[in-house]
Amino acid sequence: MSQSIAMSDAHLPVAPQQVQQGIYRSKLPFESKRFRGPLFWFPYNVNEVTARIVSFQVFGLCILGIVARQEPWMWYLTCGIFFDFVLRFIGGARMSVLGSIAEWVAAFLPVKLIPGAGKQFAQLCGAMISGFAIIAFFAPNYGQSPAGGAVMLGLLMGAAGLEAFFGICLGCIMFDLFIRFGLLSRHINTNAEHFWNEQSRFIEESDRRLNEGKPVVRLLYSTLSPDSERTIPLRIKVKTDEMRQEDFHIVKHMHIHYFAFIMASIGLACVWKVSHAVLKTDKQLWQGLGIFSAVVGGIYVLLYTAKIVFYPRKVWKEWTNPNKVNFFSTITISLLLFAYLSVDVELDMAKSLFWLGASFQLFQAVIITSRWFRFPQSRDAFNPTWMIPAVGNLVAGMVAPLLDPGYTEVAWLWWSFAFLMYIVLITLSFNRIMFGGVVDDKVRPSYFILVAAPAVAFVGYTVLPGAGGAVNGFDAFARFLYYVALVTFFVLGWSFFRSLFGRHNFDQSYWAFVFPLDTMALAALVYHSYISTPVSQAIAVCALIIVNATAVIVLANSVNAAIRLRVWVPEDKWGPLSLNKIVHYATRDACVQLLNLTAIFEAKNETPTAEDIEAYRSLYEKLEHTFNVHSTHEDEIVFPALRLFHPNATLGHEEDHDRERALFEDISLLIGVGEKGREAFASISDADRADRLRQVADLTKMMVASTIKHLDDEEKELGPITRKSFPLKLQKEIVRKMFSRTLPDDLRRYILFVLQYAPFHGQRSRFVQCLRWSFPERLQLFGKWIYEGSDPLVWSRIITEVPELAPRGVQYWHPTV
């Protein structure tokens, strides 16, 4: 059945002219809900082990709530339970505190997947019950009723206990009844089952350890002649994806951007210190956070010092990288924030920390800004993290007057240059975000730096002495800075609901959310200290809740990632040419499936049916077509480009293509491809057919073994050369040349093959993002092909991450000029 017919609704009338022409229009844009799973970011499938551990925590908290129902602190804890349910309803376990903690334990237990939609409904039920408990605790107009709140917590405790101890989810049972009686679509759980095997395999491969050893270091020389003494060696590491994933090393892979965690945590301590002065919160909160940040920060400094000693080459690579170098400023900004925290404890130490941090912060700003002048910068490499070195001087301008009134002049020095660079860099940031093409999901959390700069500028401006030595205070310009930060926060907050953030699996880049939220909360508290209205107080309290919830969730996910050994490992690197690697992933999976289909050809007690033969032939034709397109791309475009840099780099790889091409031709002759081949194959005798199928099975084994080895060798030997030798602009140029030499129909089949056989959604999404990177003007054409030829569920997941892909007439389409 064709895709268009399969996606049509039989009960809808079809226009006569469509019937006559054999055209059945897809109804996906109008009936898309049947292909959707859970709402928002809730996963299609969840781990039942994690769910039961969460329920156990809720069970314990409810018992505590019933016992301490008369205590006001328990009422606020009930609010925490409610918001945790809401967060789990929106994004699953990873977006909640209890869920993230549950993952710590679940990491050591076998995974048991269950459909996610029912669990999401259970979270909604939990949110409603805990919400009723809050109303009972806090409703002054109707008389506060701790007993009523305890009753609600008792109901919640019973439901949580059933799931925690017996695996009985009342919400899931109700959800299944709604489906059975037709109140909800039966496709919801079917969609979850569609991704069941994929998600199970992803979990298994993410956590497995193959222990393949360490990468092999090779020096590749490119000489002008055999006798030349002037050579430029290229140092590459021959390694597999598993080697990269298993290369856990707490010193070697202590990446500089990990210090964003320290900056965020010490920033949160500063927020609570200001909150102590403005909202009269307990001072032990900021003191405890400060001590925690100092201890962890000291450990991080020791680890990075060891990296400088034992792996200076890696440190130098980070310093010369246009993106990573910006994170060196997170260390100096942390020192400045420590200086503010310690001003009431030991003034001399605070001043020492200030001058150490402020001096190096300005030094980095000068060095890095001058580097921008000296060397041409890539527009594709630019992102808001470039604001950290220069604009980070706003922190020095903010802290200096609080330490000593005599620091006024130097405070203006730092603040003035930083604010100038803010004006320049925010303009470039908006230009990059709006017109710059693909931005990696890991970079998008840094958009919140657009909030941090005006927020810190606002706080600094209010404490800087102006004309005549008087403090500027809350004047018109201060209001301007604060409201810029506030509205920018609203813009980025709304973008959460447009699927701009949180799409990639958790990593350390999520800490980029926390420090800007620290600064927004700090600005809101200072704003409230000046005008003291109910609205300003509400904004400050909401900002405190948001930043603390975000920090705890990100911290819990960080611990979970460390338990699973997904921190202190090499970073994943990709570019436009990474689509070739994803083609390899799809080809490998198709090869394995093809090999499995040959088992019936060698079975002694079974005779292959026409359906068995056609299943093999259909997959084989797709694989052969993709191999021919891909090998042509490499032979005619990629390999010649590599030989320009390293003449001997591709030796042996073209011969691999020739050998495999010959095997494909032999199989094609035996199995009979195309209309004429099928007719010829059908005309031979049963004995000849059985003999041919046995030969096909043998040749398929040879072809699959050769192809997979060839793909592995290319990734290990040529992948590093491509990454190191081809700049981004050249990669895009190569991809465009590859596609320009391919007929449109061949290109369409090639793209659909990758989306059908790439094993994981992340790979399919990255493949489409590579297309977007290289062909922004053709993206809607590719979207039309994908929409018409791919699985509806695959389409619904990809379009969420790449909405620009939607062609005219399809949901999410947006006109382009």
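Placed from the backbone N, Cα and C atoms, the Cβ positions cover glycine too.
As recorded in TrEMBL:
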DOMAIN    46-180  domain 'DUF4395'
TRANSMEM  49-67  transmembrane segment
TRANSMEM  121-139  transmembrane segment
TRANSMEM  258-279  transmembrane segment
TRANSMEM  285-304  transmembrane segment
TRANSMEM  325-341  transmembrane segment
TRANSMEM  353-373  transmembrane segment
TRANSMEM  385-403  transmembrane segment
TRANSMEM  415-435  transmembrane segment
TRANSMEM  447-468  transmembrane segment
TRANSMEM  480-497  transmembrane segment
TRANSMEM  509-531  transmembrane segment
TRANSMEM  537-556  transmembrane segment
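Counted over residue pairs 6 or more apart, the CB atoms of the transmembrane segment (258-279) and the transmembrane segment (509-531) come under 8 Å in at least three pairs, which marks the two as touching. Long-range contacts of the transmembrane segment (353-373) within the same chain: residues 325-326, 328-329, 331-336, 338-339, 342, 389-390, 392-393, 395-396, 399-400, 403, 410, 413-414, 417-418, 421, each at least 6 residues beyond the stretch ends and with a Cβ under 8 Å from a Cβ of the stretch. Here the transmembrane segment (415-435) has long-range neighbours at 362, 365, 369, 379, 382-384, 386-387, 390-394, 396-398, 447, 449-450, 453-454, 457, 460-461, 464, meaning same-chain residues at least 6 beyond its ends whose C-beta is under 8 angstroms from one of its own. Distant neighbours of the transmembrane segment (285-304): 250-251, 254, 256, 258-259, 261-262, 265-266, 268-273, 275-276, 315, 331, 334, 338, 341-342; these residues of the same chain sit at least 6 beyond its ends, with a Cβ under 8 Å from one of its Cβ atoms. Here the domain 'DUF4395' (46-180) returns a mean pLDDT of 89 for the predicted model. Look at the domain 'DUF4395' (46-180): DSSP puts its residues at 108 helix, 5 strand, 22 coil.
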